[in-house]
Amino acid sequence: MQIFRYIVARCLHAVPVLLGVTIVVFLSIHLVPGDPIRIMMHGRIADSEVAKIYHDLGMDRPILLQYVVFLKNALVGDLGMSLIQKAPVAVLVVEKLWPTLMLLAFSTALSILIAVPLSLLAAFRRNTWLDTAIRLGSIFGFAMPSYWIGLLLMLFFGLLLGWLPISGLGDTPLDQLRHLFMPSLTIAFFLAPILLQSLRSAMLDVLTSEHIEVARAKGLSEWRILIKHVLRNAMIPVITVLAVNISWLLSGAVVVEYVFGLPGLGSLLVRSVGYRDYPLIQGLAFVFGVLVVIVNLLADLSYMLIDRRVLRS
Amino acid sequence: MAAVAEERQTTRRNPLLRELGSWSSSLKCGAAITLLIVLAAVFAPWIAPYDPNAQDFEALLMPPGWPHLFGTDSLGRDIFSRVLYGARIDLVIGFFTTYVPMTYGVVLGAYAGYKGGWFDAVLMRIIDVAMAFPFLVLIIVILAILGPGIQNIYISVFILAWTMYARLARAEMLVERTKDYMTAVKVLGFPQRRIILRHGLPNVINSSIVFSASDFVLNILLVSGLSFLGLGVQPPLPEWGAMIAEGRDFIRDAWWMATMPGFAILATGVGLALIGDGLAQRLGERHHTTV
């Protein structure tokens, strides 16, 4: 029962944010100074055609009514038509969703694989040269522009050594993983340091807490203490940090997709800004917003699985 | 008496040295790197061996060496000089995109935390929604609306970037509000403005100051990233991100074109991040790199 109440409460919490997201997305096209359709077509369009497009888009109706229609359509997955590509926005977006999701999953996994062992090392050997080196390394990773490190990886592994493909997305799943490796590594360069920092301080908190003392007193091996007691308790910060940084991660993905020519949501966004395809930009912004809200919701729900104590609060 | 006077004099004589002596090594290193880059930016016209926009068709795509330290680009321009002048652009944009939103973000957050009520509720909902979008995506949407260019980057960052500072200041104010000194100034009948600005603000601003160092780095990365995407500073201005974008097309034949400006961004970022690290230790804050 408690679990059910917790889930419902978390879901209800997401509703006003989602509504806000739809309002921002809806209003964005109305904030274009001047006439968005004329700007899109660079003025080479007759008045009657402009009026027809506005009518087709429903933009000649009262604004509140427009919003209600927009909301209703969004609920059933209708995000309008792309003016340039002459196709439903939802179809275009869903096509590009998969590469972006794969990139996110792969780069998150890679970042965890880098950050967890290093943060353990840093916490166990705190205030030694090793700790300092790891901290310094993470500062360097944080300060590197992702598009720059992407270009350098491309130059080294792709062009010089010829080990990995430098752009696009392959056909077979294995080939896709090969194509995604360098973009994911690029994202890991800035995501792993952020994880590392929070993980190190979380592990330090756990290492100095009483239940670790008790575990030591019981004579458990250091290895067992590490796996069963430290890592489990450090899981919550990992999830929190990942959830808090999902919007940061998505921002990075936009740039990285563009650099590596991955056919994902980010490169589609950059391209549609060039064409000023407003319905498509609106649809993409909406999907990005929904992704962030969903990830935060999933993070809230996963706390429940790791630590039942959140149910009581 | 004499000893006391003398002691007083020594402490008075070296306040700057004493202050420097108390800095941690990361603060010292960070400040040194940042100072070096700021000086390079200020004195760029005297240090730079060439005009950053002078094209030399006799020396196209020259590798790093002498007399072109960082080599030349596809138009024969000296990359070292361009990187130096680029510091002027990136540092100035980074500074304003960080500290302008911080000013009103902190005040808004402190006010909301102190007052509570509907103002607080509305502000928090706005922040929740703004943070539901990836920062870069919202900036790109605003640039799609207003058109690309540096002026519109300023506008879009000013619209969005205050949210993080407001959140930090509000959280701190909620704690400060209950402390005795706050009750004291309230009992003394000080006007609200004075309570929040003169008594609350100095105590809630630390976390924002620590965050601002990381934010400075993030903003330089953001602006250069937007320029790399072609939405920010336009060529031929020697902005670092725009230079990397120009070098991207020549990555096979002239690796230095894209590589050298990146080192400038990296050095600036490391300097500022070290300052942030040192300030976090000094002001007793947890490090905030999260956005």
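Backbone N, Cα and C define each Cβ position, glycine as well.
What TrEMBL records for B:87-276 is domain 'ABC transmembrane type-1'.
For the transmembrane segment (B:27-48), same-chain residues at least 6 beyond its ends with a Cβ under 8 Å from one of its own Cβ atoms are 20, 78, 80-81, 84-85, 87-88, 91, 264, 267-268, 270-279, 281-282. If you look up TrEMBL, you'll see B:27-48 (among others) marked as transmembrane segment.
Feature annotation from TrEMBL assigns transmembrane segment to B:91-114 (among others).
Non-local neighbours of the transmembrane segment (B:126-147) in the same chain are 153, 155-157, 159-160, 163, 166-167, 222, 225-226, 229, 231, 291; each lies 6+ residues outside the stretch with a CB under 8 Å from one of its CB atoms. Residues or ranges marked as transmembrane segment in TrEMBL: B:126-147 (among others).
Feature annotation from TrEMBL assigns transmembrane segment to B:153-169 (among others).
Same-chain neighbours of the transmembrane segment (B:216-234): 89-91, 93-95, 97-98, 135-136, 139-140, 143, 148-150, 153, 157, 161, 240-242, 244-245, 265, 268-269, 272-273, 276, 291, counting only residues six or more beyond its ends whose CB sits under 8 Å from a CB of the stretch. The transmembrane segment feature in TrEMBL is assigned to B:216-234 (among others).
For B:254-276 (among others), the entry in TrEMBL reads transmembrane segment. Sequence-remote contacts of a segment are chain residues at least 6 beyond its ends whose Cβ falls under 8 Å from one of its Cβ atoms, and for the transmembrane segment (B:254-276) they are 26-27, 29-34, 36-37, 61, 63-64, 70-71, 73-74, 79-80, 82-83, 86-87, 90-91, 94, 210-214, 216-217, 220-221, 224, 240-241, 243-244, 246-248, 287.
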Long-range Cβ neighbours of the transmembrane segment (B:153-169) (under 8 Å; 6 or more residues past either end): 93, 96-98, 100-102, 104-110, 112-113, 123, 126-127, 130-131, 135, 138-139, 142-143, 146, 204-205, 207-208, 211-212, 215, 219, 222-223, 226, 231-232, 288, 291
